[in-house]
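TrEMBL has this to say about the protein:
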DOMAIN    A:93-308  domain 'ABC transmembrane type-1'
REGION    A:1-25  region 'Disordered'
TRANSMEM  A:32-52  transmembrane segment
TRANSMEM  A:93-116  transmembrane segment
TRANSMEM  A:128-152  transmembrane segment
TRANSMEM  A:182-204  transmembrane segment
TRANSMEM  A:240-261  transmembrane segment
TRANSMEM  A:287-308  transmembrane segment
Amino acid sequence: MASPLTSVRSDTAPPPPVPTSRRRARRARRPGAWLGWLFAAPAVVVYAVFVLRPLLLTVQYSFYQWNGIGASTWVGLDNYRRVVTDPELYGSILNAFELIVFFSFIPVILGLLVAATIRRIAESRLAVVARTVLFLPQVIPLVSAGIIWTWLLSSRGLVNQLLDLIGLGGTTRAWLGDFDTALPAVGVIGAWVLLGLCTLLLLAGMSKIDPGQYEAARIDGAGAIREFFSITLPSLRAEISVCITLTVIAALASFDIIYISTQGGPGGSTMVPGLQIFYLAFSDRRIGAASALAVALVVLVLVVVIPIQRLAKDNTA
Amino acid sequence: MIVTSREAWTGRVLLVLLMAFTIVPFISLFVTALHPSGTYPSGIQWPQDPQWGNFGRAFTSANMGELLWSSGLIVLGVVPAALVLGTMAGFAFGHLRVPGHRIGFFAFVLGLTLPFEGIITPLYYQVRDMGLLNTRWAIILPLLGLFMPFSVIWMRAHFAGMPNDLSEAARIDGASTWQLFWRVHVPLARPAISALGILLFLWTWNQFLLAIVLVDDPAKRTMAGALGAFQGQYGTDIPLLCAGSLLILAPTVIVFVIFQRQFTAALLQGALKG
């Protein structure tokens, strides 16, 4: 699932680039430099055939009305008009944005707090064990995460059992089947999957901060909170932006968890663009509408992700 | 480092809580899987008479043997090929710096954030027209393409960091570009290649969307795709569903535990690098 982005200072990061002009002068003179493309060609071909071509076709399909079998009719921007006016379609986009709160904000903020608190014991045995345990949700298929939590959140699941135990028996319900709670419940599943990854990423970032900075702050009398805001947070800009990018994409492009846990229900309350595209294209056979929504989703991801990348670059460049 | 004991204890408590949040769902799944098939147990509750046989029954009814074989074939089709293609292209862009490598590289960067749902519809018709629908190739070939952006960018980052002197020395010794690649750079790139291999294995094994759209027969899908079908079949028999889910997620967990160090490093780097 992960789809990773920035380059960050790390042990393996490439050295600062040589000024281009010098490098070009050294390279261009070698005869047969174009032959190097033979190395890149196979990758370029599979990428072009199985990604770029379908991507262009998605754009093309989005201007037609087509049921996948018969003739297609040119409808111009009609499908896009539907994306912004049909509550079923734009509703799925709004739901995806609501999921960002759970998939992104909660794991990143909680991850920051947890990582900052456990930073000092990051070398202990307990923390080493934790590195393994916290990755587990990253390793299993998202489908399994969906099944596990469907059971936990069901009317007789663990969540309700715990609520009963602490005297909140009145609030128990089938969390995924309730109009008001289904979307947050799906969000909790995403938070479970992503919290460990964010925590460990941020922790890895913190381990690269010079401990001398913390010592100096302590000697100057800074407390844990002051330390967090003046040293930890600014040093982690790159890692935070990676976490936000990964988790925002996971929210906007979510499919597996929702397909398994709610199928978009009840009544479309957990419908997201990914699932909607799947239904439109393969159940309703409305290829044009599915494609317009797909284009909207791709654009949306770029519009959200590119500024985050910019923010991170400002600092590291 | 200055660590007060109060801080150390808050850290430990928080860490344990976080681990509990991660692991309790698995325990609940496991305990539920031990209840008699067809019952509707509640939360975490140790059964009076643990039904270990549920795992056997789930193994047979989920066709686990066949599934492992199928997923194995798909992984074998995707991972080695993706490693070879990604390494070669990464070498061309990162080290040879072929003319126009910036444009080529940029084209791959574009694909990095692409949600699979964005191209699934035309992919279906393309795979159908190629006559590959319902075969494992329908998963293997598109995944190769979809993994290329990450693979190329990952390997490019490695090769861009290799010193030029190394190549120049090899050239002076008369190495052709192919020898330079195969004899000098691939051996040095082994850590980067194996980390990439781990990530690609995981992403292939867990791939769901392509599997359910492009392959109808659950026995020809990836492990994750088959789990979707199993859920449809046993959605109401909670203990059996839990047993089946555990069996299907077990291989990734076992591989993870064995290669734990490499996995952790690969996952952390995978998120950061690119």
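Including glycine, each Cβ sits where the backbone N, Cα and C put it.
Those TrEMBL annotations? Automatic predictions, nothing curated.
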- Distant-in-sequence neighbours of the transmembrane segment (A:128-152), which means Cβ under 8 A and at least six residues beyond its ends: 1-2, 118, 158-159, 176, 185, 188-189, 192-197, 199-200, 256-261
- Where else in the chain does the transmembrane segment (A:240-261) make close Cβ contacts, counting only residues six or more beyond its ends and a cut-off under 8 Å? 1-6, 8, 96-97, 99-100, 102-104, 107-108, 111-112, 141-143, 145-147, 149-150, 153, 176, 185-186, 189-190, 193-194, 197-198, 201-202, 233, 270, 272-275, 278, 297, 300-301, 304-305, 308-309, 311-312
- Note on the structure: Same-chain residues at least 6 beyond the ends of the transmembrane segment (A:32-52) with a Cβ under 8 Å from one of its Cβ atoms are none
- Note on the structure: Per the Cβ under 8 Å criterion, with at least 6 residues separating them from its ends, the transmembrane segment (A:182-204) contacts 2, 95, 98-99, 101-104, 106-108, 110-112, 114-115, 118-119, 122, 131, 133-138, 142, 145-146, 149, 153, 175-176, 236, 239-240, 242-243, 246-247, 250-251, 254, 257-258, 261-262, 265-266, 269-270
